[in-house]
Structures are given as structure tokens and as C-alpha cells.
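Data block below; observations after.
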Amino acid sequence: MVLGKPQTDPTLEWFLSHCHIHKYPSKSTLIHQGEKAETLYYIVKGSVAVLIKDEEGKEMILSYLNQGDFIGELGLFEEGQERSAWVRAKTACEVAEISYKKFRQLIQVNPDILMRLSSQMARRLQVTSEKVGNLAFLDVTGRIAQTLLNLAKQPDAMTHPDGMQIKITRQEIGQIVGCSRETVGRILKMLEDQNLISAHGKTIVVYGTR
């Protein structure tokens, strides 16, 4: 849930006035898995990928977060927590950062900020539940199709005469659904043959999704 634009949301303006604003280039790392959690982040502009790595360094993308989303909120509720995932800039980002200690002080003054954060956490829990269900009940073709539909709803998806256009590599799709890049390529070709999508390099048009 996007909190709103700074010029039209007094609560957001007030919150951001207590934060430090930092800019991150695309593909830079905002949060390292395993580091001590002491800071809450809020995406002012841009989007990020939340991911985990196994012992061999293989990555799995858990989610994408966009403008108006909080990051790193779990450590807010229990001291001594370590970051459970990596967060990497998907695009160039402008991010507001505030210590947990200062955030706790702010919500004493304006509890609405905490309500907004809680609403986001509830929505993410619902998305996670749906993803677990997809892993359990959908085959890899279904998971890829569902992923494309979800990506077509992201803020950085672009309108296209035939649907919605997204930019994503086969490797990234594989990291989301848990399969190889080669498998993704075969399934995208199959979806193309069924006239459900068109795929050219990183550009995919998902038909009929506007």
C-alpha cells in the first residue's frame, strides 16, 4: 500500500522529515542477510528485490517491493534480530531510513504510521500464503504463468496495445518460481505458442491483462 505522495500526505511528510534519505543505484545492496537489524526503510522512489541465498550462493527472489513500501520491519518487534534476507535495488532508488528507536518514538506521537506498517505486513502475509499454496498445488508452468500475471500488476509494468509489458530475465523468473533458466525458456516458448504471451529477450508482453 502506497502511503501517498509527499505533497498530498501530511502524515508521510511528517514521517519523512524524521528520516535520512539515501539514494541507491540499480543492483546495489541495501540490506545484507545476517547483519544486525537496527533500521527501518521506506521506499520513496524505485523498487527493490527481496531475496535469499543458499550455501552455494544460489539466489531465490521472495518478492519485489515498490514505492510506498516499508523494508526491514521484522526487527522492529524483537531486539537482537538479524536480517533474514538480502534486499537489492531493482531500479535506482530513493530510500528513507530511520532507526527502530526513533520510529518507536514517532508512533507514540502519531500511531497512524504504525497502522500503515501493520497493514502492509498483513498484505505481505497474505501474498506469502498464496505463494506457498502455489508451490504446493501448481506445477512449474502454473507458477510461471502466475508470476507473469503478478508482475503485470507491478507499478513498473507498462501498458501495451495487447496487454501489459514487463522486463525480466529468464534467470530472475527462475529465481522466483524455483526452477532453472532453461526450464523457464521452454515454458515461455510454450506460452507463446498458445498465444498467451510474446517474449523477446527481457521484454515479455502478457496478453489481455490491462
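Using N, Cα and C of the backbone, Cβ positions are placed for all residues, glycine too.
For the DNA-binding region (180-186), the predicted model reports an average pLDDT of 94. The DNA-binding region annotation in Swiss-Prot covers 180-186 and is backed by sequence analysis.
Annotation source Swiss-Prot lists 3',5'-cyclic AMP 1 binding site at GLY57, LYS58, GLU59, MET60, ILE61, LEU62, SER63, GLY72, GLU73, LEU74, ARG83, SER84, THR128, SER129, citing similarity to another entry. Long-range C-beta contacts of GLU73 (3',5'-cyclic AMP 1 binding site), restricted to its own chain and to partners at least six residues apart, with a cutoff below 8 Å, comprise LEU40, LEU117, GLN120, MET121.
The Cβ neighbour count for VAL177 (3',5'-cyclic AMP 2 binding site), using a 10 Å radius and every protein chain shown, is 23. Residues or ranges marked as 3',5'-cyclic AMP 2 binding site in Swiss-Prot: ALA136, PHE137, GLN171, GLU172, ILE173, GLY174, GLN175, ILE176, VAL177, GLY178, CYS179, SER180, ARG181.
Swiss-Prot lists 138-210 with the feature domain 'HTH crp-type', giving sequence analysis as the kind of evidence.
Here Swiss-Prot flags LYS101 as N6-acetyllysine. Sequence-distant neighbours of LYS101 (N6-acetyllysine) (same chain, 6+ residues apart, CB-CB distance under 8 A): none.
Positions annotated as region 'Activating region 3 (AR3)' by Swiss-Prot, on the basis of similarity to another entry: 53-59. Applying DSSP to the region 'Activating region 3 (AR3)' (53-59) sorts its residues as follows: 0 helix, 2 strand, 5 coil.
Residues or ranges marked as region 'Activating region 1 (AR1)' in Swiss-Prot: 154-163. Per DSSP, the secondary structure of the region 'Activating region 1 (AR1)' (154-163) breaks down as 0 helix, 4 strand, 6 coil.
Look at GLU97 (site 'Activating region 2 (AR2)'): DSSP puts it in a strand. The site 'Activating region 2 (AR2)' annotation in Swiss-Prot covers GLU97 (among others).
Annotated site 'Activating region 2 (AR2)' per Swiss-Prot: LYS102 (among others), in sequence order. Taking a C-beta cut-off of under 8 Å and a sequence gap of six or more, LYS102 (site 'Activating region 2 (AR2)') has these contacts in its own chain: HIS18.
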Note to self: Spatially, which candidate from the binding-site residues GLY57, ILE61, SER63, ARG83 is nearest to ILE173 (3',5'-cyclic AMP 2 binding site), comparing Cα atoms?
What the structure shows: ILE61
Checklist line | Positions whose Cβ lies under 8 angstroms from the region 'Activating region 3 (AR3)' (53-59), at least six residues beyond its ends | finding: 33, 86, 175
Notebook entry, point to check: For GLN175 (3',5'-cyclic AMP 2 binding site) and ILE61 (3',5'-cyclic AMP 1 binding site), what Cα-Cα distance in Å is obtained after rounding to a whole number?
Noted result: 5
Next item on the list: For ILE173 (3',5'-cyclic AMP 2 binding site), just give me the three-state DSSP call.
Entry: helix
Next item on the list: Whole-number Å only: compute the distance from the Cα of GLY57 (3',5'-cyclic AMP 1 binding site) to the Cα of VAL177 (3',5'-cyclic AMP 2 binding site).
Entry: 17
Checklist line | Closest of ILE61, ARG83, GLU97, THR128 to VAL177 (3',5'-cyclic AMP 2 binding site), Cα positions, recorded positions only | finding: ILE61
